[in-house]
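Down below is the structure, laid out as structure tokens.
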Amino acid sequence: MNYFPWLTIIVVFPIFAGSLIFFLPHKGNRVIRWYTICICILELLLTTYAFCYHFQSDDPLIQLVEDYKWIDFFDFHWRLGIDGLSIGPILLTGFITTLATLAAWPVTRDSRLFHFLMLAMYSGQIGSFSSRDLLLFFIMWELELIPVYLLLAMWGGKKRLYSATKFILYTAGGSVFLLMGVLGVALYGSNEPTLNFETSVNQSYPVVLEIIFYIGFFIAFAVKSPIIPLHTWLPDTHGEAHYSTCMLLAGILLKMGAYGLIRINMELLPHAHSIFSPWLMIIGTIQIIYAASTSLGQRNLKKRIAYPSVSHMGFIIIGISSLTDTGLNGALLQIISHGFIGAALFFLAGTTYDRIRLVYLDEMGGIAIPMPKMFTMFSSFSMASLALPGMSGFVAELIVFFGIITGQKYLLIPKLLITFVMAIGIILTPIYSLSMPRQMFYGYKLFNAPKDSFFDSGPRELFLSISIFLPVIGIGIYPDFVLSLAVDKVEVILSNFFYR
């Protein structure tokens, strides 16, 4: 038991500090911006300090454990704890949220509410990644949805209300299945109902009941990830949201679905996961091809960027369903890798729109000359998205490939077939990834426009882009920095499939 409440402070601090925004003096938006950025930086430093000095990466057990009785009536506890699975997403959340607040600098309408919602979303996401109580996990999951809905509905494009409504209908529908799964697992406790995740992990369930629980949790996480055919909210949401909100969606929110698949479907329900893993492998393979094929038909730049998120999720699903430590480590690395790359591409798409006021690719062209810095950064992250060697995406996809090939669960012919189809998807990926910068920056359409109407990236955009690009290169060169966090926990999870 940890005696200093590090995780409670880390979870509560952003939303508590965010609520003070409404009491700041009315002296313009600058005070609110700087206050929010300082809160995010302080939170990131606090998280980094706590993990550096109080977390042992070679220990697969839950660390920084906190357990406080909250509601006596039905034995509801405030249980927090982290392990190798959650530390990476928590640090990613802190990093991307800090940069997203910097990206939101141009937002001036209702800036107090906007920045409060970003900080509230921050708390909900960290709470989801660190919860060790099933009901607390559900509460944090829902807490994070409310700010996202308001950010979508109040700041964005002309169809923002439609996209926000579609988002909340999909996610609320998924949350119903999540709540049913949580209550089902809780009520089927060994002797008495329990919401404790550790107790539930050690509990054995009848196969039929475990399959029912698995399907319920899977639907909830498939909506958030997203997994086809429950992905249709994603392009509309990304197409209408402000680009700082898109950074949070692509960088963190989608990763919560993948985290839930590993944390609950895989760790809590291993027998059902073993049964469903061949089907997940097929879904992941179809998803890679589907996203690569559909992306080419998107005229909207932000929708074109949204579909690679679906494709990358396909690799994560395949890694999770490979039932090998190599494949699962590759999936975890892909979660972190795409968090950086997706956030960067949406930021660059948004800043480009701020300058040229065009969002359809067939209306763009020839802006490489007046905006060379933007061209360089966008091209670099497009290369990272297509998994160029030396960048994080390449290592993640390569490890997932090795996970399939070395897996013992599947026969040789199915493994070769899945690998072949994945290879086709990888061949299609450069087509849609490189067609974006070609349509935007090459050609002639905007070449003769007045050069003073365009201005290139400023210090804020350069700082933000470089801040994301450095981890992408760093992980690509030395992936063990991320892999070492979860390697022991991955072995423990996979041991359930062979020794339980």
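Glycine is treated like the rest: Cβ placed from N, Cα and C.
Taken straight from Swiss-Prot:
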TRANSMEM  4-24  transmembrane segment
TRANSMEM  35-55  transmembrane segment
TRANSMEM  87-107  transmembrane segment
TRANSMEM  134-154  transmembrane segment
TRANSMEM  167-187  transmembrane segment
TRANSMEM  208-228  transmembrane segment
TRANSMEM  272-292  transmembrane segment
TRANSMEM  305-325  transmembrane segment
TRANSMEM  330-350  transmembrane segment
TRANSMEM  386-406  transmembrane segment
TRANSMEM  411-431  transmembrane segment
TRANSMEM  462-482  transmembrane segment
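Counting Cβ pairs closer than 8 Å and at least 6 residues apart in sequence, the transmembrane segment (305-325) and the transmembrane segment (208-228) reach three or more and so form a contact. Sequence-remote contacts of a segment are chain residues at least 6 beyond its ends whose Cβ falls under 8 Å from one of its Cβ atoms, and for the transmembrane segment (208-228) they are 170-171, 173-175, 177-178, 180-181, 184-185, 188, 234, 253-254, 256-258, 260-261, 264-265, 269, 271-273, 275-276, 283, 286-287, 290, 309-310, 313, 316-317.
Here the transmembrane segment (272-292) does not lie next to the transmembrane segment (87-107) in space: the count of CB pairs under 8 Å, restricted to residues six or more apart, is fewer than 3.
Sequence-distant contacts of the transmembrane segment (87-107), counting only residues of its own chain at least 6 positions beyond either end whose CB sits under 8 Å from a CB of the stretch, comprise 10, 29, 33, 36-37, 40-41, 43-44, 47-48, 51, 55, 57, 114-115, 118, 121-122, 125-126, 129-130, 155, 242-245, 247-248, 251-252, 255-256, 259, 332, 335-336, 339-340, 343, 347, 350, 354, 460, 463-464, 467-468, 471, 482, 485-486. Looking at which of 4-24, 134-154, 167-187, 330-350, 462-482 has the most CB pairs under 8 Å to the transmembrane segment (386-406), the answer is the stretch 330-350. Within the chain carrying the transmembrane segment (462-482), a Cβ under 8 angstroms from the stretch's Cβ atoms is held by residues 88, 95, 99, 102-103, 332-333, 336-337, 340-341, 343-344, 347-348, 373, 377, 380-381, 384, 389-396, 399, all 6 or more beyond its ends. Residues of the same chain lying 6 or more positions beyond the ends of the transmembrane segment (4-24) and with a Cβ under 8 Å from any Cβ of it are 31-32, 35-36, 39-40, 42-43, 46-47, 50, 54, 64, 66, 78, 80-82, 90, 112, 115-116, 118-120, 122-124, 126-127, 130.
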